[in-house]
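Asks: Below is one structure. I have some questions about it.
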There are 2 protein chains.
Amino acid sequence: MFDTDSSNPTPPASSQAAPDSMQQVCKPLPASQKVYQSGQIHPQLKVPMRQVELTNGEQIALYDTSGPYTDPDVAIDVFKGLPVQARSAWVDARADTQAYSGRDAAALDDGFKNEERQQPSLMALRQQAQALQRQPRCATQKGQAVTQMAYARRGIITPEMEYVAIRENGRREWMREYLADAQREQRLAGNSLGAAIPAVITPEFVRDEVARGRAIIPANINHPELEPMIIGRNFLVKINANIGNSAVTSSIEEEVEKLVWAIRWGADTVMDLSTGKNIHTTRDWIIRNSPVPIGTVPIYQALEKVGGIAEDLTWEIFRDTLIEQAEQGVDYFTVHAGVRLPFIPLTAKRRTGIVSRGGSILAKWCMVHHRENFIYTHFEEICEIMKAYDVSFSLGDGLRPGSLSDANDEAQMAELKTLGELTQVAWQHDVQTIIEGPGHVPMHMIKANMDEQLRLCHEAPFYTLGPLTVDISPGYDHIASAIGAAMIGWYGTAMLCYVTPKEHLGLPDREDVKQGIVAYKIAAHAADVAKGHPGARARDDALSQARFEFRWTDQFNLGLDPETAREMHDETLPKDSAKVAHFCSMCGPKFCSMKITQDVREYAAQVGVSEDAALQQGMAQKAQEFQRAGGEIYLVQE
Amino acid sequence: MFDTDSSNPTPPASSQAAPDSMQQVCKPLPASQKVYQSGQIHPQLKVPMRQVELTNGEQIALYDTSGPYTDPDVAIDVFKGLPVQARSAWVDARADTQAYSGRDAAALDDGFKNEERQQPSLMALRQQAQALQRQPRCATQKGQAVTQMAYARRGIITPEMEYVAIRENGRREWMREYLADAQREQRLAGNSLGAAIPAVITPEFVRDEVARGRAIIPANINHPELEPMIIGRNFLVKINANIGNSAVTSSIEEEVEKLVWAIRWGADTVMDLSTGKNIHTTRDWIIRNSPVPIGTVPIYQALEKVGGIAEDLTWEIFRDTLIEQAEQGVDYFTVHAGVRLPFIPLTAKRRTGIVSRGGSILAKWCMVHHRENFIYTHFEEICEIMKAYDVSFSLGDGLRPGSLSDANDEAQMAELKTLGELTQVAWQHDVQTIIEGPGHVPMHMIKANMDEQLRLCHEAPFYTLGPLTVDISPGYDHIASAIGAAMIGWYGTAMLCYVTPKEHLGLPDREDVKQGIVAYKIAAHAADVAKGHPGARARDDALSQARFEFRWTDQFNLGLDPETAREMHDETLPKDSAKVAHFCSMCGPKFCSMKITQDVREYAAQVGVSEDAALQQGMAQKAQEFQRAGGEIYLVQE
């Protein structure tokens with residue numbers, strides 16, 4: 001465990017109140033409140049949703065990634081971490097894990113030599129995280145898998161499984177009308193392209209998907225703060241946001257705030273890609289405060305431990321890093337096990353070579369030693385570690401293309417085939433596994449990626465970066481990649497790793513992170529709608545209905561970013577009265593097509609062309625009401 | 001003609017110098033200069049391209065929509081309009097048109113009553129545009145078509161046709177290496193999905209495509225300022241940006257600046273959607289200063305002429321407006337001829353009814369009079385007008401879906417079928433025609449739109465708004481729609497109408513317009529690459545090559561927005577030295593994968609796995625050079 005026996009520790013600046021900016025990111029979104037749903041198999045479950053109150057009295061419950069931060073009833077103290085009671089009890093109840101003393105913490109975990117660690121500033125930093133130390137747990141018996149996959153294969157529906165089933169379904173009550181529309185008309189059905197999405201996600205369906213390896217629930221037993229989520233082709237498409245530590249200044253509030261900001265806008269998982277000093281300590285800060293799964297790339301930390309010299313990496317250092325991070329509660333590890341020695345020369349003629357950081361580190365190691373990648377050769381030993389904590393594999397695509405010109409080439413496909421072989425090894429150990437994918441791929445070559453992944457990797461979930469569909473948009477690569485992400489999401493990718501506008505150029509700031517997340521929420525939702533995830537388009541329908549009925553506030557609040565939508569509307573029509581006006585600034589009252597449509601409905605009812613006369617009559621009346629009411633509230637424009 | 005015989009006109013503020021902001025938007029993009037290419041059939045042609053000078057001495061010529069504004073040798077005076085010699089001579093040389101006095105200008109053209117027009121401020125406004133008045137031309141013989149389609153069908157390769165052929169090909173010299181790569185490897189070929197894109201666009205190919213109606217060259221004979229461009233499935237995908245007059249304040253510089261801003265970022269055509277007062281005068285300002293085709297929706301102006309009362313519209317007023325705008329030089333008209341009386345009730349049960357402004361105006365007219373749409377009943381008379389000036393049809397989709405829920409419904413498809421029928425009528429008159437398309441369409445329903453359009457409209461070019469793939473992204477609809485736009489562009493759409501972040505919320509400002517255009521340039525380029533337009537991906541290859549070789553400045557300058565890319569890089573690594581550093585702020589020097597790839601090349605050469613040993617050897621040497629040079633210029637980071 002982390003050694004804290006030091007004299008004269010500087011006390012943390014505050015152990016109670018979060019700073020102002022933290023309070024800002026914890027404020028619930030407009031007209032929203034946190035509601036919880038309990039389980040049937042596991043009645044103690046409290047599955048969170050964000051309930052949006054519409055101005056017409058409707059209540060719409062949306063998938064909510066923001067965790068306890070947006071629940072005013074939860075006292076947030078980043079120095080203590082999130083309340084963890086619920087999931088701790090689930091893990092305890094399985095009675096197959098035990099607390100243990102853990103590996104000995106080393107100065108090197110934070111990138112320091114032993115003597116450096118005694119500096120007061122560093123002592124203070126570690127002190128800040130002292131209350132976040134937890135005793136690790138692992139499987140009681142050596143070789144035993146305490147993974148969701150192991151339980152699923154034994155027929156057990158864990159609380160985690162029922163939790164994600166409830167979460168994926170959402171509240172069907174408010175969707176009823178929209179779902180009925182979709183059932184009535186074949187035109188409104190999705191096209192799942194061979195996915196097997198049921199009308200209702202049952203806990204048993206979740207279990208079965210996890211057992212088959214078609215979905216994972218990343219959930220380290222040492223991450224009890226987690227609100228479980230599922231990644232799989234037959235579920236809602238998820239997105240990941242990357243965060244990293246600040247090179248210059250770093251405090252617990254600052255690092256946790258990045259996380260809270262990302263999940264506020266909808267990140268389903270967060271990868272902590274910190275490098276440099278203090279990464280062990282920073283990771284404690286993040287995991288203890290994270291309701292979403294945390295992923296890492298352990299080779300980054302391993303490389304720090306050997307002073308950045310790739311050739312000095314050893315299996316022992318890597319292994320020790322895996323255990324270190326597993327004990328902290330990391331939910332999934334990206335490991336570049338497919339960067340095999342014989343594949344490296346295949347990249348030599350590429351336009352942009354190897355563009356994965358992890359991939360290039362391992363390629364260098366392999367070359368210098370002229371030996372096979374140690375992650376590949378020790379893969380079974382890694383499985384033994386993963387299954388003792390339920391850390392999931394994210395098998396990294398170290399040879400992904402970094403330009404259109406390198407897309408779908410021999411190197412990429414050779415690696416993918418290897419990842420498929422390793423998936424089967426992982427599954428023999430009941431280790432949950434997802435597969436990482438490209439990269440830069442032109443639109444017409446995207447589907448082949450998905451098809452090959454499904455074929456070679458036995459339907460293990462695909463987790464892609466973009467793909468970027470052009471190379472010529474530095475500064476706008478969130479858009480270039482959202483195009484590819486939406487398409488591959490529809491084709492079957494389970495999780496999309498976001499790209500920010502700063503991709504290829506620099507480190508994303510707060511606004512870049514938001515832009516990247518929103519672009520990817522659009523891509524993921526577009527994929528959900530296209531696949532026909534039950535209820536996905538109900539939110540679109542509700543928003544469009546609000547749009548048509550000139551319920552401006554509801555239109556903003558059902559959107560992905562209510563505040564920005566309202567601000568944009570305010571720019572041209574700032575008055576409150578404009579939020580109920582029956583037109584907008586784009587067309588003005590004279591040209592408002594939606595207003596005219598009200599007349600159309602009346603007309604259609606009169607001429608009786610429509611089949612459903614009763615419905616029409618109701619609409620006609622509604623139209624008349626609108627006209628009467630509208631006459632008084634139209635603003636004079638121009 | 002415009003009556004200018006007024007006493008005491010206020011002289012324009014300046015007839016020489018453009019204001020500062022105008023100078024800003026005229027400044028060539030970084031490292032860029034305007035170059036021109038001449039023709040073979042028509043040696044007098046001066047086809048513009050933007051030549052980008054790379055730091056390694058390469059010269060890359062890119063498609064350039066920015067017109068004479070970015071040519072320092074052209075003196076810009078918005079009060080006089082662009083120099084027009086070139087295309088005037090082409091029109092003259094055909095000797096089938098004549099100048100004539102034109103229709104009498106009316107106060108109502110600008111939305112005023114006669115007495116209002118004498119106000120000094122209005123007089124001043126018109127005075128500003130006095131030097132922009134041109135005598136209109138039309139076909140010498142009644143019923144004669146002076147359209148590009150008519151010439152094409154007679155086997156004539158016009159200067160316009162050769163011009164666009166040169167423009168579409170670009171300079172193949174600099175692309176040679178990249179094109180050779182693509183030819184060597186089948187993997188790099190596009191998938192045109194049935195389009196017939198040749199390896200080289202010849203003037204004869206252009207002629208043939210125009211003759212078949214598969215492409216149009218919008219080019220009113222009264223728009224001699226035009227730099228011709230082509231819209232068709234077998235050519236580069238184009239984008240349109242919409243601009244409109246400012247409601248409050250308006251000056252010629254301000255309105256022209258919007259146009260120049262839009263073409264600076266790549267708008268291929270611009271639609272002037274002005275409404276309200278002074279739209280005739282504003283249109284003169286825009287067309288006389290526009291090197292790109294200008295489209296309008298004439299029903300907007302017609303509606304202004306009847307005080308905004310849709311039911312007061314008449315065929316005579318509409319007809320007069322068409323002639324008015326044809327004489328001014330509008331290149332294409334959106335007309336909602338497919339909003340037929342019997343289709344209107346089909347929209348009654350829609351979630352969002354009719355969302356097209358023009359469509360709803362005509363629907364209202366049809367309903368009130370219970371008569372067939374006068375644009376439909378007078379369609380042949382409209383063709384007579386169009387062909388006398390070579391105004392192209394953009395057959396509007398007045399019944400396009402305004403929400404996912406209404407996509408591909410009966411109303412939309414009934415209208416599309418009608419548009420196909422009208423296309424054949426237009427073609428009988430040799431009138432060039434494109435077809436407008438949706439709207440809001442989920443990803444899996446996009447292809448059906450394209451397929452039906454091709455089938456029903458006989459391969460007339462498709463021109464789509466988006467489509468938006470989700471409804472839940474107010475504030476970010478440029479992204480939601482760029483996804484659909486890229487896909488439908490690949491499937492065969494010839495031109496994409498942009499959507500800005502303000503869509504559904506308010507009037508776009510300057511920054512919104514830029515965001516919308518860049519998002520659509522990405523979509524269009526992604527489509528070009530996927531279709532396999534010859535040379536399209538050469539720009540990606542050149543940029544990726546620069547990225548791989550750490551030529552940061554070249555990477556910025558080959559992007560869609562060089563200044564933003566550079567600014568983003570500056571945020572983390574502002575020093576000039578960072579622009580040649582062999583790493584970036586994203587990974588830092590230790591983790592730089594591209595750096596490691598240099599080693600890979602050396603390694604591959606040593607182990608001799610690769611086929612092309614000589615190439616490898618060269619690369620290995622280069623890698624060594626990099627290492628030697630690199631050791632000295634790496635910046636210490638963190």
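Including glycine, each Cβ sits where the backbone N, Cα and C put it.
Pulled these features from TrEMBL for this protein:
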| type | residues | note |
| --- | --- | --- |
| COMPBIAS | B:1-24 | compositional bias 'Polar residues' |
| REGION | B:1-31 | region 'Disordered' |
| DOMAIN | B:28-97 | domain 'ThiC-associated' |
| BINDING | B:Asn242, B:Met271, B:Tyr300, B:His336, B:Ser356, B:Arg357, B:Gly358, B:Asp397, B:Gly398, B:Leu399, B:Arg400, B:Glu436, B:Tyr463 | substrate binding site |
| BINDING | B:His440, B:His504 | Zn(2+) binding site |
| BINDING | B:Cys584, B:Cys587, B:Cys592 | [4Fe-4S] cluster binding site |
Asks: Within 10 Å of each Cβ, count the other Cβ atoms, then let me know which of the binding-site residues B:Asn242, B:Ser356 comes out lowest.
Replies: B:Asn242
Asks: Tally of helix, strand and coil residues over the domain 'ThiC-associated' (B:28-97) according to DSSP?
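Replies: The composition, in the requested order, is 14 helix, 19 strand, 37 coil.
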Asks: Can you check what DSSP calls B:His504 (Zn(2+) binding site), collapsed to helix, strand or coil?
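Replies: In three-state terms, B:His504 (Zn(2+) binding site) counts as coil.
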Asks: Could you state the whole-number distance in Å separating the C-alpha atoms of B:Arg400 (substrate binding site) and B:His504 (Zn(2+) binding site)?
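Replies: So the alpha carbons of B:Arg400 (substrate binding site) and B:His504 (Zn(2+) binding site) sit roughly 15 Å from each other.
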Asks: 10 Å Cβ neighbour count around B:Tyr463 (substrate binding site)?
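Replies: Total other Cβ atoms inside 10 Å, all chains included: 27.
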Asks: Would you kindly determine which binding-site residues in the set B:Asn242, B:Gly398, B:Arg400, B:Tyr463, B:His504 have their Cβ under 8 angstroms from any Cβ of chain A, listing them in sequence order or replying 'none'?
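Replies: Listed binding-site residues meeting the cut-off: B:His504.
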Asks: Can you tell me whether DSSP puts B:Tyr463 (substrate binding site) in helix, strand or coil?
Replies: strand
Asks: Name, in the order they occur in the sequence, the residues of the same chain whose CB lies under 8 A from the CB of B:Tyr300 (substrate binding site) and which sit 6 or more residues away.
Replies: B:Leu273, B:Ser274, B:Thr275, B:Ile279, B:Arg357, B:Gly358
Asks: Pick the one among the binding-site residues B:Gly358, B:Gly398 whose Cβ has the fewest other Cβ atoms within 10 Å in this structure.
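Replies: Fewest other Cβ atoms within 10 Å, among the binding-site residues B:Gly358, B:Gly398, is found for B:Gly358.
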Asks: Find, for the listed binding-site residues B:Arg400, B:His440, B:His504, the residue with the lowest Cβ contact count at a 10 Å cut-off, counting only other Cβ atoms.
Replies: B:His504
Asks: Can you work out the mean pLDDT of the predicted model over the domain 'ThiC-associated' (B:28-97)?
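Replies: Over the domain 'ThiC-associated' (B:28-97), the predicted model scores a mean pLDDT of 96.
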Asks: Using C-alpha atoms only, work out the spacing between B:Tyr463 (substrate binding site) and B:His440 (Zn(2+) binding site) and round it to an integer in Å.
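Replies: Per the Cα atoms, B:Tyr463 (substrate binding site) and B:His440 (Zn(2+) binding site) stand 14 Å apart.
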Asks: Quick check for the class: what is the C-alpha distance, in angstrom and rounded, between B:Ser356 (substrate binding site) and B:His504 (Zn(2+) binding site)?
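Replies: It is 12 Å, counting Cα to Cα.
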Asks: Could you state, as a whole number of Å, the largest distance between Cα atoms of any two of B:Asn242, B:Met271, B:Tyr300, B:His336, B:Ser356, B:Arg357, B:Gly358, B:Asp397, B:Gly398, B:Leu399, B:Arg400, B:Glu436, B:Tyr463, the listed substrate binders?
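Replies: Those residues reach a largest Cα separation of 20 Å.
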Asks: Under a three-state reading of DSSP, tell me whether B:Tyr300 (substrate binding site) is helix, strand or coil.
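Replies: DSSP call for B:Tyr300 (substrate binding site): helix.
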Asks: Where does B:His440 (Zn(2+) binding site) sit in DSSP terms: helix, strand, or coil?
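Replies: In the DSSP reduction, B:His440 (Zn(2+) binding site) maps to strand.
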